[in-house]
Amino acid sequence: MDGSFVQHSVRVLQELNKQREKGQYCDATLDVGGLVFKAHWSVLACCSHFFQRIYGDGTGGSVVLPAGFAEIFGLLLDFFYTGHLALTSGNRDQVLLAAKELRVPEAVELCQSFQPQTSVGQAQSGLGQPASQDVKSHLKEPTDLDEEEVFRTLSLASVDQEPRDTEQPQLGTPAQSTTAFLCGKLTQALKPSPSEDKESEDCKEPPRPFEAGGAPLQGESNEWEVVVQVEDDRDGDYVSEPETVLTRRKSKVIRKPCAAEPALGAGSLTAEPTDSRKGAAVPVECPTCHKKFLSKYYLKVHNRKHTGEKPFECPKCGKCYFRKENLLEHEARNCMNRSEQVFTCSVCQETFRRRMELRLHMVSHTGEMPYKCSSCSQQFMQKKDLQSHMIKLHGAPKPHACPTCAKCFLSRTELQLHEAFKHRGEKLFVCEECGHRASSRNGLQMHIKAKHRNERPYVCEFCSHAFTQKANLNMHLRTHTGEKPFQCHLCGKTFRTQASLDKHNRTHTGERPFSCEFCEQRFTEKGPLLRHVASRHQEGRPHFCQICGKTFKAVEQLRVHVRRHKGVRKFECTECGYKFTRQAHLRRHMEIHDRVENYNPRQRKLRNLIIEDEKMVVVALQPPADLEVGSAEVIVESLTQGGLASQLPSQRLCSEESFASPGVLEPSLIITAAVPEDCDT
């Protein structure tokens, strides 16, 4: 034929096989009993109805096949790419079985022609059917309902972009009766954990197994060992991942045949599922992170990760666990013997109870630590310390970056908590006593200690202020010692905290990361942004003082106002001893001492009045005309009106040498008694 190359299709298939052997352009990952095979979805779909039905839309992913196919799946894969099937008398039965289940008709025909007298389907079914009838039963087109149910329940670990909140696959669906033979009869299975039987009645039941249809194999018990994929519930910190980590666990499924149902071949994938689902497990959802579980028991264990509770404690060594299963495994390893185990130094024969102590001791002999910095001479005992050193001192980037805001973190857990709190607004850790939500486990523990247990063990030696954490105390001590260890490399200004230095650096770079969602205005700090939103874009004054009833738009303004009622003025002038509630007021006051000539400060009203004598409060309610000239109430009234110089003669005021200027008034006045009629001048 003109214009055609008959060997073109053969050459293309050969090139695809070479790509498969090199792992090039392979978009399919097949996990068969722990062995990983790379292939092309297009080739798999062309050769197998099994893959064509599931991945006909071209969606990439990975499929987990039964471990029984591990020895012969490579032969089938070679057949897909070369057309040659290496059959022997030893592997013929296994290849035929796999070809039936994966729906590869050409491979089935080759197996039958290789040994036409024996049939795996006939030997296993025990019904006396010839091999041809058994093969036809596998190759015939099932109904749409059967095929949909079959392929919906296959054990797929799809690598898609959407987060998976449910465990795969969920037991309890009737279609899983058709996948039991696909997974195969395994030889061993883990026994159900005894702790699940010892839990409370409302949560001790694991998900009920499905009732599989079909007759049992002759000479075998009515049990199948099915490999399912469930969520890894190891003892560790809660991690809100976009993709659920899956592990393989063996679960025993009891097969209960029904007397009314017809006898079907055990190996058939087209067995119709039962319509009755009596006692099927209903998924339950976590109210905090909306993760779904198959039973209340798993939900109860999962909630402990939000609360940080570890109720199961080893009586021998005191180690605690989230789950009782982990405690039983720990006890099975004979923790008492492990605690009595000693480690001996090979140089000086000194013994240690812990391996880490021995490693630290060996440094005294060798002078070398296992982890060395490549940029300097420092050495470390742990890899995480070396990583932290490289980031802080040598500018190495943090390994885990946030895709939304490009912020980097040392660990994946920190990144996931950051995404949940900052970008999704989730606070996954909930206090069981008051319902308070925290963004981290450490924040929840701090809340419990401070609010419910009143534990503040770290006390300042200067002002007796107590703190829940030692780091907060150390930061507070810098206000007394004047230590400012963080210095700007551009202008040399020093700060007490790294956060303050970061805020200052934005004044040099011009960065304004906090933007208003209502207008185009941007801010360098979050506090000014909140005040801007409260004053510009929120109606009303929702925050009010419970003492005097004054209302405010921003909660920070209310906090400053309450300090005046309490008499708290922590910003003190070093020149004259005046105290102020805000640092801005202190800076404005310092201008008095800087200016020498032609300074006439603006008269300010009295901002707050603290009266310790209750009798003065009653007298203060009287009209000013009824009071005597020398009483304190007239002075207070004059101060509030801002006209002290015009209402009182100069000789009525007591002179103080500490006053730097006669026109400067203290912004607060504490009155304990009436002012005398005559004052010495």
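Indices start at 1 and increase along the chain as displayed.
Placement of Cβ uses the backbone N, Cα and C atoms for every residue, glycine included.
Here is what Swiss-Prot says about this protein:
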DOMAIN    26-89  domain 'BTB'
REGION    121-176  region 'Disordered'
REGION    189-222  region 'Disordered'
COMPBIAS  194-208  compositional bias 'Basic and acidic residues'
ZN_FING   284-306  zinc finger
ZN_FING   312-337  zinc finger
ZN_FING   343-365  zinc finger
ZN_FING   371-394  zinc finger
ZN_FING   400-423  zinc finger
ZN_FING   429-452  zinc finger
ZN_FING   458-480  zinc finger
ZN_FING   486-508  zinc finger
ZN_FING   514-537  zinc finger
ZN_FING   543-565  zinc finger
BINDING   Cys545, Cys548, His561, His589  Zn(2+) 5 binding site
ZN_FING   571-593  zinc finger
BINDING   Cys573, Cys576, His589, His593  Zn(2+) 6 binding site
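Within 10 Å of the C-beta of His593 (Zn(2+) 6 binding site) we count 13 further C-beta atoms, all protein chains included.
Classification of Cys576 (Zn(2+) 6 binding site) by DSSP places it in coil, neither helical nor stranded. In the predicted model, the zinc finger (486-508) has a mean pLDDT of 87. All chains included, 19 other C-beta atoms sit within 10 angstroms of the C-beta of His589 (Zn(2+) 5 binding site). Listed in sequence order, the binding-site residues near Cys573 (Zn(2+) 6 binding site) (C-alpha within 10 Å of its C-alpha) are His589, out of Cys545, Cys548, His561, His589. For the binding-site residues Cys548, Cys573, the largest tally of other C-beta atoms within 10 A is found at Cys573. Same-chain residues at least 6 positions away in sequence with a Cβ under 8 Å from that of His561 (Zn(2+) 5 binding site) are, in sequence order, Cys545, Lys550, Phe552. On the backbone, the CA of His593 (Zn(2+) 6 binding site) and the CA of Cys548 (Zn(2+) 5 binding site) stand 34 Å apart. DSSP assigns His593 (Zn(2+) 6 binding site) to a helical segment in the three-state reduction. Through the fold, the zinc finger (514-537) approaches residues 503, 506-507, 553-557 of its own chain, all at least 6 residues removed from its boundaries and within a Cβ separation under 8 Å. Other Cβ atoms within 10 Å of the Cβ of Cys545 (Zn(2+) 5 binding site), summed over all protein chains shown, number 15. Here Cys548 (Zn(2+) 5 binding site) is positioned 30 angstrom away from Cys576 (Zn(2+) 6 binding site), judged by their C-alpha atoms. If you draw a 10 Å sphere around the CB of Cys576 (Zn(2+) 6 binding site), it holds 16 other CB atoms from the protein chains shown.
Listed as Cβ neighbours of the zinc finger (458-480) (distance under 8 Å, sequence separation of 6 or more from its ends, same chain) are residues 446, 449-450, 496-497.
Secondary structure from DSSP puts Cys548 (Zn(2+) 5 binding site) in coil.
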